[in-house]
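Look at TrEMBL and you will find 1-10, 30-49, 502-524 tagged as compositional bias 'Basic and acidic residues'. What TrEMBL lists as region 'Disordered' is 1-76, 502-533. Feature annotation from TrEMBL assigns active site, nucleophile to D135. According to TrEMBL, the substrate binding site annotation covers Y191. Annotation comment: TrEMBL describes 301-408 as domain 'Pseudouridine synthase I TruA alpha/beta'.
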Amino acid sequence: MSEENLRPTYDDQPSEDAYKRGPQYKMTQARKEDIEGNDKEKESDEPEKKKQRVGRPPELDANGNPIPKEPRKPKRKVAVMVGYCGAGYHGMQYNPPHPTIEDALFKAFVEAGAISKDNSTDLKKNGFMRAARTDKGVHAGGNLISLKMIIEDPDIKEKINKALPEGIRVWDITRVNKAFDCRKMCGSRWYEYLLPTYSLIGPKPNSILYNDIEESRLELPGILDDDAESIEFWKNLKKEVNEKFTEEQIEQIQNYTPPPKDEFLESEATYQMVKKYKALEYAHRRKYRISAEKLEKFRSAMKQYIGAHNFHNFTLGKDFKDASAIRFMKKIKVSDPFVIGDAKTEWVSIKIHGQSFMLHQIRKMISMAALIARCGTPVERISQAYGPQKINIPKAPALGLLLEAPVFETYNDRLEKFGYTPIDFSKYQEEIDAFKMKHIYDKIYKEEVDENVFNAFFAYIDSFNKVTGAQGEESEDKKGKNVQKSIFEFLTARGIPDLETNEKTNKVDGKIVDKSEDKEKIESTHTTVDAQN
């Protein structure tokens, strides 16, 4: 019997092909070649020529001659401080084919020579990143982008600004270390929202929201605030309307429904009456001056946002159990009222300083606080909105929102250690304020006068259920308090379902359950999630 047949065999033994791919076989072959000599010696001792990389063919001009390439210039990692008016743009982030702020900036960088033409087709080649991504129509007094740029030219900032439209400006270009990522390194952000004070006037009498609030006030007295200020406003408006219109005309105005666009006639008598009535209402709203009590109510509502809370009801697509819904608000300031513009409208400025924000979060925060102030709802309703119950909070108009500036407190200390200049927008505050006044504030004030954006928004909210048919109906399963009579029931005396509509103690399977214990469990859950975040 041959020696080969005497060898033991195993089920897990690798095949001959697998063995030849292994390191042991290669080492054996190397030893064999050392002993026996390599029969595969090369015929010549000349070194083997390296294979040439096959790249893209050179670009040719009209005559078929290759176009000479630009000389390669060194790129440096920089932080670019910018400000912009968001009107006419589909937000900050690059989103072809729509016009965006990043698209305009990138084109200006290429035109000014800060980005080579070889890298002009893709933002990723330059490591393009923004500190805050603003939505469509949202402005910014200060925002930051980081990327690799050619900055040998001492006049590069002036050249970029020359290539940009007037509504977008570069405040400064500063060197940063290679690992800098403006989105990740941004410690917090300041936002500002401009709100006309007439937005806090109570719902229009006989509107759906007004009737819901008054009905709940009778059901559960002592919960909602009395609003003599709004009652007086609507009383004065009604008095002037009665002086200028007959009862029959007022009824026609209230029942007016705009015809289809192709059938609309501006000269129609009823439309002209409606137009005259609205002009009268707008004039009264612009004369309105907020009282100290109502302003304090709005400030108290805004204070409810300070700290770490679960803002799942203040954004889209977030669940109560989603840890990323917890955000930390550091500081909130509501200014004293100020009158501005030819229309003499009164405004307040709300500044919010937070670590980070979700989609539509600020607009929903402003809307919730404004609705609470105008409906006389308890400010604690905001704290209850952090709970598990889902509610529909409308988002305020984008018109009044602007990014004040991102803040890099922690990272600035590290930048200084590396020998770089700290990122500080306050050094350019005068330029930023002048830009905001000309290109942002004036446009906000003018658009509000021309389009009556805020009046249209709150008028739509007052009649929302009528427009959409969003009323709950009683059934065998749902009766009484379990039926949501309005989508904005959380603004009425009934409050948020499962928190205020139920009694403190309920019977479950014949046992009395203390609802305060459930509330403590919810609060302890919040604390745990906050700690994890």
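Cβ atoms here come from the backbone N, Cα and C positions, even for glycine.
Given the structure is predicted, the values throughout are model-derived calculations rather than measurements.
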Looking only at Cβ atoms, how many others are within 10 Å of the one on D135 (active site, nucleophile)?
17
For the domain 'Pseudouridine synthase I TruA alpha/beta' (301-408), give the DSSP counts of helix residues, strand residues and coil residues.
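Summed over the domain 'Pseudouridine synthase I TruA alpha/beta' (301-408), the classes give 32 helix, 33 strand, 43 coil.
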Determine, to the nearest whole angstrom, how far the Cα atom of D135 (active site, nucleophile) is from the Cα atom of the residue listed as 'substrate binding site'.
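So the Cα of the residue listed as 'substrate binding site' lies 13 Å away from that of D135 (active site, nucleophile).
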So if I measure Cβ to Cβ from the residue listed as 'substrate binding site' and keep only same-chain residues at least 6 apart in sequence, which ones fall under 8 Å?
K351, I352, G354, F357, I362, L401, L402, L403, E404
